[in-house]
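Annotated in TrEMBL:
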COMPBIAS  1-10  compositional bias 'Basic and acidic residues'
REGION    1-23  region 'Disordered'
TRANSMEM  37-58  transmembrane segment
TRANSMEM  70-91  transmembrane segment
TRANSMEM  103-124  transmembrane segment
TRANSMEM  160-180  transmembrane segment
TRANSMEM  186-207  transmembrane segment
TRANSMEM  262-284  transmembrane segment
TRANSMEM  304-324  transmembrane segment
TRANSMEM  360-378  transmembrane segment
TRANSMEM  384-404  transmembrane segment
TRANSMEM  416-437  transmembrane segment
TRANSMEM  443-464  transmembrane segment
């Protein structure tokens, strides 16, 4: 069939939780994704995806909404703490439900098929491709800038470069998991080096007494709920990626150890770097200079590095390329896992017979991202990315609270104090409701309508299992063309 038959058991409500739904399909499936992601690669995946263009672009907007340097630094610290709390909560979920897929698989196992399908439908078609397209366009803007000095790059050049970036990432991720993780490791090291240059430069400036930006640091603080919420959105965009390791749980070596350990290393590291980088920006520039900067890292480079300022443009390009690779690596897995559960066409659940990578899912994600780059209509979607993300984060965290209260007997190698997911859930509710209450916009209604438009596809294709014959023939031809075969999920 073109849509893999959905499991009839509800594992978290059955007598054999988390195991009954993972039986292999009649022993016929023999391909598996390799468990090749170790601790270093796991830390690189988290840190490499989190450190994208955000830290080079968002500081001015956080400062703009908060009104002064000291309160903006508090927002950056609070965003890091919230990301850490969310990641620790996800770590417990990852040790209970040892399957790849992140929020999708957790919502599926806890709440059932329908809400999981809505998440997969929204994430696979809209959220992940839009995020990837946005990051690649950011990469393209900085990569083409040196070729057009004194003026902005043409849109054709930016879009062609972004499309080339996506195609290169597709080839890398389809060829070999180890190659993709090696790219992550190399670019993570490069971007960490760039951030360390900014940090050291800032410390030198502070040692020379350039602390005027921090005098009367809390003067003029913005107290509005909506402004604080938008400032959190800007900060959290820079931290986005803290949950990416949960999308590839089945490819981790010893996931019960690697998952929480990688989170506890990567997120505090990124938080400390972000705070020190912001301090460095404020040491080099006055708040008014920072607010008027179109690209704060480039302005910092002009002031501190002089003739070496071009290093900042290169650093941003490297950073965004590495972030795009991490987004692509994990985003393709969401599509793959949703297909194995019958919520996407069956071809997307297959892996290449030699490379052992989920190449059809990666190709689909790539195609959707290319469409968004060509159309250029994804800007408003990216602006409301945080709204959609925290809507599903909140649902996932509420699922963890349900398991902790109703299913305490489930085996787990790591437990997070219950207060932490409660704090994350409260933050998620605030981040979803604050922009609606303070500044309601019609785009939020469009997003909600798109999410629920998945009902049109769910009931005929998933619930009633209507599978047109011509789709079966298309699946067969695609399987032969792409050299892919059905896989089996890890039952451990």
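Cβ coordinates are placed from backbone N, Cα and C, and glycine is handled just like the others.
Quick caveat, the model's predicted, so the values are computed rather than measured.
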Cβ pairs under 8 Å between the transmembrane segment (304-324) and the transmembrane segment (70-91), at least three: no
Checking distant contacts: for the transmembrane segment (103-124), what same-chain residues at least six beyond its ends satisfy Cβ-Cβ under 8 A? 6, 10-12, 18, 21, 93, 97, 243, 246, 331, 334-335, 337-338, 341, 343-344, 364-365, 368, 388, 392-393, 395-396, 399-400, 402-403, 450-452, 454-455, 457-458, 462-463
Chain residues in Cβ proximity to the transmembrane segment (384-404) (below 8 Å; excluding those fewer than six residues from its ends, i.e. six or more beyond): 12, 86, 89-90, 92-93, 96, 103, 106-107, 110-111, 115, 119, 122-123, 126-127, 130-131, 233, 236-237, 240, 243, 410, 418, 421-422, 424-425, 427-429, 431-432, 435, 443-444, 447, 451
With contact taken as 3 or more Cβ pairs under 8 angstroms (pairs 6 or more apart in sequence), are the transmembrane segment (160-180) and the transmembrane segment (360-378) in contact? yes
Surrounding residues of the transmembrane segment (360-378) on its own chain - C-beta under 8 Å, 6+ positions past either end: 124-125, 128-130, 132-134, 136-137, 155, 159, 162-163, 166-167, 169-170, 173-174, 328, 331-333, 335-336, 339, 347-350, 478, 482, 484
Can you tell me which parts of the same chain pack against the transmembrane segment (262-284), counting only residues 6+ beyond its ends and a CB-CB cutoff under 8 A? 39, 42-43, 45-47, 50-51, 55, 59, 69, 72-73, 76-77, 80-81, 83-84, 87-88, 90-91, 192, 195-196, 198-199, 201-203, 205-206, 210-211, 213-214, 238-239, 242, 245, 290, 296, 300, 303-304
